[in-house]
Amino acid sequence: SDLRQILATKSVENIQFLPFLTTDANNLSWLGYGCLKGDGTLITVNAIGAALQTLYILVYLYYSPAKRPVLLQVLLLLAVVVTGYGYFTILVDTGTRLTHLGLFCSVFTITMYLSPLADLAKVVRSKSTRCLSFPLTVTTFVASSSWTLYGLQLHDPYIMVPNMPGIVTSLVRFWLFRRYWPGQDKPY
């Protein structure tokens, strides 16, 4: 729905960029983990996710009035991905690569789930959830719950544990939407 809103209004106003960026980094990291582990589910879901997030980033960049900060963040993401790839292929031995990559992916997942809370103070101060995306909150809750259950089924703590904060942060955002529903917005 955020992409539809950007395309309809030809504006990125009230849409956060950081969730798109961290989700793309997350998808790319888990894609590498899935390839290393040979897990078809991780590969398929994260290849599609990375492609969609890259599309969202490109659309956001196209409609963003301030392109330089967005480009700098994208370049930082690329630097992190390239550095991570180099680290895992050159410096880490094959025996511990999956463990190191799992930990790396876990950090990105936690970052991704915490990024929408960056505007928490703004929401409380303005008593408005206008800067939060309800569809993204629902999607985050469903995805984090699904991945937590999948990790539990596989007995893979690198999948299960980092997705638990996604459930918690989604519940916090649901509470914020209930507390400051969009119809009660007050002027600043």
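Glycine residues also receive a Cβ, built from the backbone N, Cα and C atoms like all the rest.
Whatever TrEMBL says is automated annotation, not expert-curated.
Taken straight from TrEMBL:
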type     : residues : note
TRANSMEM : 43-63    : transmembrane segment
TRANSMEM : 70-92    : transmembrane segment
TRANSMEM : 98-120   : transmembrane segment
TRANSMEM : 132-152  : transmembrane segment
TRANSMEM : 158-176  : transmembrane segment
Listed stretch, out of 70-92, 98-120, 158-176, that has the most CB pairs under 8 angstroms to the transmembrane segment (132-152): 158-176
Leading contact stretch, 43-63, 70-92, 158-176 vs the transmembrane segment (98-120) - CB distance under 8 Å: 158-176
Cβ-Cβ under 8 Å with the transmembrane segment (158-176): same-chain residues at least 6 beyond its ends: 33, 42, 102-103, 105-107, 109-110, 112-114, 116-117, 120, 123-124, 129, 132, 137-138, 140-141, 143-145, 147-148, 150-152
